[in-house]
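*Asks:* Before I ask anything, here is the structure I am working with.
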């Protein structure tokens, strides 16, 4: 009997160990790559420092053949001379896993400015070769990431060379990058774009996909609200005539307002530049008040929030800070004609 009990206990323990192993295998099988960090180079434990004294190159593993899966590699190029720049030129043979919705989410190569953490660009796919990149100091960082699916070929190869900065005359405003333009000049340029994709591509031609992904990443902030207009009842012709007078006299109507002027903000740019709001407008020719002059004023005002893109210069850092923000605007819900001078109360 004792021997039988020991055999049963041993069998139960073995079953528990097997179940735990199966659960571990199952959880690893269904783990998703989306949980890994997406922006910037945040893997210093993987970083390989390369001292740059002459021209050279780095490349994805097995280049120009298919690179391995589940790989994270980070290189930091450091020039010995602190007064030089590092130029990166991508080999014409470039191919990584294709983007999803024009955004590099899975396999990509990314270049970062170590001095301020600015991501200069993220690239994937094979439709075009990334443009040349130049550091603003004597260091630059490169990061390569591949997930567990769909490795591609040939990968990438980046040739690096040293550049000696040469000082020239100050560039004209037309040749400056968008982030270096005066806000008033940039505001005029921003006004010409009809979609947010065109705007972000103009501001960040090499990293616009990454910025767009960050911009639309879900947050807990309050979303802008819409408002609804009720239909007017029309019974007979006289009522119709009277209603038309009411509609086109002192009533809430669409007005476009400049956000910078409305919010009295000269330190930032909003896109779109203008929004539609409801404001009282029209005349008071048929004012029912016994006075010589009537004016149209709001009798019910509400504040509504609208989600817009905000562009703000970074203090001491190159580039613009881009974020989705809610701006409060007044909307006139109801209006009335009152005697001029009696609008208070």
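Our numbering is plain: 1 for the first residue shown, then up by one each step along the chain.
From the backbone N, Cα and C atoms, a Cβ is placed for every residue, glycine too.
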*Asks:* Can you tell me which of these residues Swiss-Prot lists as N-linked glycosylation site: 55, 254?
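*Replies:* Candidates were 55, 254; Swiss-Prot attaches N-linked glycosylation site to 55.
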*Asks:* From the Cα of residue 335 (disulfide bond) across to the Cα of residue 55 (N-linked glycosylation site), what is the distance in angstrom?
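*Replies:* The separation of the Cα atoms works out to 72 Å.
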*Asks:* With helix taken as DSSP H, G or I, strand as E or B and everything else coil, how many residues of the domain 'CUB' (46-163) land in each class?
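*Replies:* The composition, in the requested order, is 1 helix, 58 strand, 59 coil.
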*Asks:* Return the average pLDDT for the domain 'CUB' (46-163) as a whole number.
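*Replies:* It averages 91.
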*Asks:* Which one is it, among the disulfide-bonded residues 124, 280, 335, 337, that lies nearest to residue 294 (disulfide bond) by Cα separation?
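*Replies:* So, of the listed disulfide-bonded residues, the one sitting closest to residue 294 (disulfide bond) is 337.
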